[in-house]
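Attaching a single structure in C-alpha cells format; questions to follow.
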Amino acid sequence: MALTQGPLTFRDVAIEFSQEEWKSLDPVQKALYWDVMLENYRNLVFLGILPKCMTKELPPIGNSNTGEKCQTVTLERHECYDVENFYLREIQKNLQDLEFQWKDGEINYKEVPMTYKNNLNGKRGQHSQEDVENKCIENQLTLSFQSRLTELQKFQTEGKIYECNQSEKTVNNSSLVSPLQRILPSVQTNISKKYENEFLQLSLPTQLEKTHIREKPYMCKGCGKAFRVSSSLINHQMVHTTEKPYKCNECGKAFHRGSLLTIHQIVHTRGKPYQCGVCGKIFRQNSDLVNHRRSHTGEKPYKCNECGKSFSQSYNLAIHQRIHTGEKPYKCNECGKTFKQGSCLTTHQIIHTGEKPYQCDICGKVFRQNSNLVNHQRIHTGEKPYKCNICGKSFSQSSNLATHQTVHSGNKPYKCDECGKTFKRSSSLTTHQIIHTGEKPYTCDVCDKVFSQRSQLARHQRSHTGEKPYKCNECGKVFSQTSHLVGHRRIHTGEKPYKCDKCGKAFKQGSLLTRHKIIHTREKRYQCGECGKVFSENSCLVRHLRIHTGEQPYKCNVCGKVFNYSGNLSIHKRIHTGEKPFQCNECGTVFRNYSCLARHLRIHTGQKPYKCNVCGKVFNDSGNLSNHKRIHTGEKPFQCNECGKVFSYYSCLARHRKIHTGEKPYKCNDCGKAYTQRSSLTKHLIIHTGEKPYNCNEFGGAFIQSSKLARYHRNPTGEKPHKCSHCGRTFSHITGLTYHQRRHTGEMPYKCIECGQVFNSTSNLARHRRIHTGEKPYKCNECGKVFRHQSTLARHRSIHTGEKPYVCNECGKAFRVRSILVNHQKMHTGDKPYKCNECGKAFIERSKLVYHQRNHTGEKPYKCIECGKAFGRFSCLNKHQMIHSGEKPYKCNECGKSFISRSGLTKHQTKHTAESLKTKFNVEKPLDVLLTSGFK
C-alpha cells in the first residue's frame, strides 16, 4: 500500500510550469490543470492544511490585433499567518486607465485609477474618490467567492490586508496590482470575460446565492462529508476504500482519479534543475534546495526569543512559539479539543472515526498514521537508523534520539506552571499536567478502568486479551510491552547502561537507578497512615497499604488464588504452566523468576552483599536482611484478621491463615497427601521419586533440598573450624556455634509474647508458639496422630516401624532419636553441664534444669483451660487434660486396657510379665526368679 508519510503541503500537490512548458499544453490540458489545482486546494483547506502560497496564472487570451485584450490572473497568499494577500495583475496594451472596485460585507472600496505604463500599489481607502476617472476597461473579470456566511464573518474580523513587497514581486510597467479579498475554505472561483464598458468588479455572492450554493445532496456514509455532484462523492469514497486504480507506469505511484495521474505524469516529463552538491538530491525550486542544505550544514537561522531554541524552518519556529503563547488555533468539532498544529488535529480526528488504514504485513497490526506503521515495522526489522554522536547509541525513532540527547545536555525546557517541575519533552509535560487536572479520558470497555493516556489504555487492554506481540530472539520469551522486551534483552547481553554517580553501581533499567539513588538521598516522601512507615515511591506505598486492607485484586484464572501484586500472579501462573525460563549456567537449575536465579547464583559465588548493622550477619538477599532486622526491632506488621495474632513475615501469616481455613492446596498425585505449602509437597515428592535434583558440580554431591546444597557449598569437606571456648565442641558454621554458646551464657533473646518464656533460637520459639495456637501440622500416615514438631513425628514413626537406629557404644542400648542417645551417653560420661544456681544440682539436659528451677521459683506457666489448674511442665498439663477429655491413647496389647500415659501402660505391663513368670516357674515370687536366672 503506497501511502504518503508526514504532513501534506500545497507544494506537494502543486505542479508549476515555465512559460515554454505552458505553451506546449493544449487547451484541454490547461483546463484540466485549472480544475485539478482548484480541487487540490479545496481538499487541503478541508483538512485544515492551509497552503503557504498559491499562484494561478491565466495565460494570455486572444489577440490584440483583433480587439481582444490579453490578461493574466495571479492569486497568491504569503507565508505570514495573520495576513493573506491576493493580487490581480492584468497586462494592458491599448487602455489608458482603470477603475477597480470590490465589496467587503456592506462596505465598498475603490482603488485609484491607473494610467498606461504606471504602477499602482495601494491600500484600501488610501486614494480619494476624486482620483477615479470615468474611462473604464472594456472587459470585465469577475471572481465570485462562494462560502458559508459564518466563515465569511470569521475572516472579516481577522488582521488587515496590505500591499505586496516590491522587492519580492516584480511587476511590469503596464500592470495593475491591488489586494483582493482573501480566499475562504471550500472556495470556488468563477472566471468570466465580458466586452462591455463597466467597472472591473470583484464581488461576494448575495445571501440568496449562498443558500443555493450550500446545497450538497450527496453525503458520504463514512465521514459525513457532503458533495454537490455524485461524481465528486464517488471520487471521495475512494479515500475510505483505499482503492487507487490509476497507476503511473514510470514510478508505480497510484491515484484515486485519472486526472491526478495525468498531472503527476508531468513530473517525469520535466526537469529538476536544482541539485544538492552534497548528496545529489534534486529539487524543482531553489527555495527547496536552500531548505534541504540546512540538513547538511545544521544551520538553524530561526531562533525563539523566549527560550533560545533554534530551527531550520520558519514555520517550525512559528509552531514552537505556540508552546510559550499557549495558542491552539485548531479545534475539533466533535469534542472541542484544541491543537497547535493542523496536522495534529487531522490525526486526532481519526480517533472519532476509528479509522486505521495502515496495516503491518508481518503481524497484522493496524495504525492510524503511516509514520506509526513505519516506526512499528522497525520492531520486526530491528532497524535503528538514528545514532547518538556522543555515545554511539542507536534508536529506531528520531524522537527517541532527541530525548536521549537531553541526557547528555541535561536540558529540560518544558516547565509545569502548577508545581514548577521541568521536563525534557513537551509530551511529558502534557502527561504530567493531567496529574493536576485529574483528567482520565480513556476508558477500558471490559472493566471500565480509566486512564489519563491512550498508551496506558492500550497496554492495559493486553491484560484482558493476553496479547504479547514482542518476542525475544534469544530465548523466545514474549512480552506485552516493548519496554519489557528491551529490559529483558539486557539479561542476555549483560548490559547495564544506567550508572549511579555516587557509588558507581550499574543497573539494567533507568527506573532501578532512580529507585537506587533514594538510598543516597534517603528521601522518603510517602507515609503510611496505618503504621507510619515511609516509602520513597507512591507505588510502593500503594502496595504496602494492601497489607493492612488485605486487598488482593489479582486472581488466578486456573485455581482462583488471589494476590496483592500482579508480579506475584505472573510468577504463580508458571506453577500451572510449568514454565521455568531462567536457567543457571553453572549447574543447570531452572527457576520461575529471575530473582530466584539471582539469589541462586550467589550460592556459586558465595556473595553476601547485605549486612546487618546490629549483629554483623550477612545475607545473599535483601529480603532476608529485612526479615532478619525484625528480630532486633521486634516489628510484626502482619496481623491475622481471625485471631489477631501478629507475625514478622507475610509468609508466616499466609501459613497461619491455613490453620483457620484448613486449606491444603498442594496435593501429591501419588498418595493423595495434601500440604499447606508447596515446599512441603516438593520435599514429600522426593520420597516417591528418590530424586536429588540439587547437584554440586564442584565436589559431586547430590542433595534433596537447595538449602542443603548451599550448606554443603559453604563447607564441602565437612570441616568444623568453629570451636566453643567453654566445652571444646566444634561446629561447621558460625551460626551453630552462636546458638550453642547461648547454652553456656544463658542468653535467651527470643521471648514468647503469650507466656513470656524465652528461647535461645527463633526455631525453638516458633515451635513453642504452637502450644498456644494449638497448631499441629505434622500428621502420621499410619495412625493419623498429629504433632507440633517434625522431630516428634519422626520419633513417633519409629514406634510403628520398631526402628532404633541410634546405638550406644558403651552399653549397646538402641534409641529411636539421636537426641535421646546424646542424653543417654552423658550417663556414662557423667557429664552434667547444666547446673542450678540456687542449689548447685546439675543436669544432663537443659530442659531438666528449666523444669527444676521452677521448683525454686514456683512458676507454673501451663494452665488448664477446663479447671484452671497450673503445671510446671507441659507434659503434666497434657496428662491432666486427658482426665477431662477421657482420652487414653496407650493401649495394652495383652488385655486391651487403655491408659493416659506411657508410664501407666509400662507399669501395667509388668503385671502381665509377672503373671507369665509365675506360670512358667510355678513360684509365688517371680522377682527372685528374675534375679537368679538373669532373664533367661
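Start at 1 and count along the chain as shown; that gives each residue its number.
Cβ coordinates come from backbone N, Cα and C, glycine included.
So Swiss-Prot lists these for the protein:
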DOMAIN    8-83  domain 'KRAB'
ZN_FING   218-240  zinc finger
ZN_FING   246-268  zinc finger
ZN_FING   274-296  zinc finger
ZN_FING   330-352  zinc finger
ZN_FING   414-436  zinc finger
ZN_FING   470-492  zinc finger
ZN_FING   554-576  zinc finger
ZN_FING   610-632  zinc finger
ZN_FING   694-716  zinc finger
ZN_FING   778-800  zinc finger
ZN_FING   834-856  zinc finger
ZN_FING   890-912  zinc finger
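Situate these features within the shown structure.
Mapped onto DSSP helix, strand and coil, the zinc finger (414-436) counts 11 helix, 4 strand, 8 coil.
Residues 379, 459, 462-463, 508-509, 581, 594 of the same chain lie 6+ residues outside the zinc finger (470-492) yet bring a C-beta within less than 8 angstroms of a C-beta in it.
For the zinc finger (554-576), the model's average pLDDT works out to 84.
With helix defined as DSSP H, G or I and strand as E or B, the zinc finger (610-632) counts 11 helix, 4 strand, 8 coil.
Under 8 Å from some Cβ of the zinc finger (778-800) lie the Cβ atoms of residues 673, 767, 770-771, 816-817, 819, 889, all in the same chain and six or more residues away from its ends.
Counting same-chain residues at least six beyond the ends of the zinc finger (834-856), those with a Cβ under 8 angstroms from any Cβ of the stretch are 743, 823, 826-827, 872-873.
Sequence-distant contacts of the zinc finger (890-912), counting only residues of its own chain at least 6 positions beyond either end whose CB sits under 8 Å from a CB of the stretch, comprise 879, 882-883.
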